[in-house]
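Engineer: Following this message is one structure expressed as structure tokens.
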Amino acid sequence: MAADNPRGAMFRVIVPNQHSRVTYAELFFDLVFVFAVTQVSHTLLHHFSPLGAVHVTLLFLAVWWVWVYTAWVTNWLNPELTPVRILLFLMMLGGLVLSTTIPGAFEGRGLWFAIAYATMQVGRTAFWLFATPLHRVPVRHNAIRILVWLSISAIFWILGGFAEGETRLWLWIAALTIEYVSPAARFWVPKLGFSSVEAWAVEGGHMAERCAGFIIIALGEAIVVNGATFAELDWTADNILAFVAALVGSIAMWWVYFHKGAEAGSELISKTAESGRLARLAYTYLHMPIVAGIILTAVSDELVLKHPTGHSDIRTVVSTIGGPLVFLIGTILFKHSIRGFLQLSHGIGIILLLALSWIAADLSPLWLSIATSVIMIVVAVWESVSLGSTPAEAKEH
């Protein structure tokens, strides 16, 4: 019974040696972020410039941060209970406002973006504090620490929403810096001091599954972009090849992340005594470049499908090589955090992509896309062979 739960009436009941399942309410909540990821990729596509890249990077970091903080809270709270579900539904409303304002966040809708983001971050944390029983002092202190940090960053978000141009950008950079530095600073506040690692314990299998689900969201968005763009084009040989190359690239990314890394990460975080520390490093921070790489690849897929022939322009080169490159950097760091060594296959893939960049401008977008997909296939096959053809076999190595 939830009322008999020593962790708190609104907290998950933890059963030893058993994963907490991802609930339907959490999956329903994630649908908002399918839209958010689409908005981020489309905004980058239409503002592909140095300044546009800075803007989109900031917006992506905000989207990821509000989602992953919610994943942490629902790792502790029980989304099967009505109050927690209502929290998630209200977060969905905020998420929809946040997502719809992404294209105009640095134009006329900046204040709406800031209000939606700050309300989601502060409101969810306040609910967590309210749901935590008085006798769980370390957890309540953690919630208070986070609430203080997020409230301070919220001031910068709102001020940035009222400002314009570079002032908005710098205020929002300050807000994000506060939020991204705070976990590394262990949410230090006066009198309460630093948070303890023990107080950050999570149910590891649930956290791993939640972050893997966001990878699926990003890959799904790339596939939707690929299919929707292809449906609007004449089915020429070049377009068909570009369509297939994009799909193969997405499949290779799925294989690189899920065939070995996802299960290994889930198993380690489920067994380690420092689940909070691993969740912070491997899942909160190191999944960001993985998702960012997939989103950048989705931009490439659309560019290549629309213009498969001729020389590759700077947008095509940066997105087609940069997407897989950032993805591999993220996965090699993620797998290092769970295995303790750098995956050679990923390192070679990174080197090959960097080498390809020297001749990328001389290749057509189609052949550049094919080349990057081949490199991703090489990485996936190499890792599978080196660690065993199945996840079960990999455990024996």
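The backbone N, Cα and C atoms fix where each Cβ goes, and this holds for glycine too.
Nobody curates TrEMBL annotations by hand; they come from automatic prediction.
As annotated in TrEMBL:
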- 21-40: transmembrane segment (TRANSMEM)
- 52-74: transmembrane segment (TRANSMEM)
- 86-106: transmembrane segment (TRANSMEM)
- 112-131: transmembrane segment (TRANSMEM)
- 143-163: transmembrane segment (TRANSMEM)
- 169-189: transmembrane segment (TRANSMEM)
- 210-228: transmembrane segment (TRANSMEM)
- 240-258: transmembrane segment (TRANSMEM)
- 278-299: transmembrane segment (TRANSMEM)
- 314-334: transmembrane segment (TRANSMEM)
- 341-360: transmembrane segment (TRANSMEM)
- 366-385: transmembrane segment (TRANSMEM)
Engineer: Which residues of the chain, 6 or more past the ends of the transmembrane segment (169-189), have a CB below 8 A from one of its CBs?
Structural biologist: 54-55, 58, 61-62, 65, 106, 114, 121, 142, 144-146, 148-150, 152-154, 156-157, 159-160, 163, 195, 280, 284
Engineer: With Cβ-Cβ distances below 8 Å as the criterion, list the same-chain residues six or more beyond the ends of the transmembrane segment (52-74) that contact it, or say none.
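Structural biologist: Beyond its ends, the transmembrane segment (52-74) has Cβ neighbours at 23, 26, 29-30, 33, 36-37, 40, 43-44, 84, 88, 91, 95, 98-99, 102, 105-106, 113, 117, 120-121, 124-125, 128, 169, 172-173, 176, 179-180, 202, 207, 210-211, 214, 279, 283-284, 287-288, 291-292, 295.
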Engineer: Return yes if the transmembrane segment (366-385) and the transmembrane segment (112-131) have at least 3 CB pairs under 8 Å (sequence gap of 6 or more), otherwise no.
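Structural biologist: Result for the transmembrane segment (366-385) with the transmembrane segment (112-131) is no.
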Engineer: Mind pulling out the one from 112-131, 210-228, 240-258, 278-299 with the most Cβ pairs under 8 angstroms to the transmembrane segment (21-40)?
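Structural biologist: By Cβ pairs under 8 Å, 210-228 leads among 112-131, 210-228, 240-258, 278-299.
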Engineer: Any residues 6+ beyond the ends of the transmembrane segment (240-258) with a Cβ under 8 Å from its own?
Structural biologist: 212, 215, 219, 222-223, 226, 230, 290, 293-294, 297, 300-301, 304-305, 308, 324, 327-328, 331, 346, 365-366, 369-370, 372-373, 376-377, 379-380, 383-384
Engineer: How about long-range neighbours of the transmembrane segment (278-299): same chain, 6 or more residues beyond its ends, C-beta under 8 Å?
Structural biologist: 37, 40-41, 44-45, 48, 57, 60-61, 64, 68, 72, 183, 200, 202, 204, 207-208, 211, 214-215, 218-219, 221-222, 225-226, 249-250, 253, 257, 265, 268-269, 272, 319-320, 322-331, 333-334, 337-338
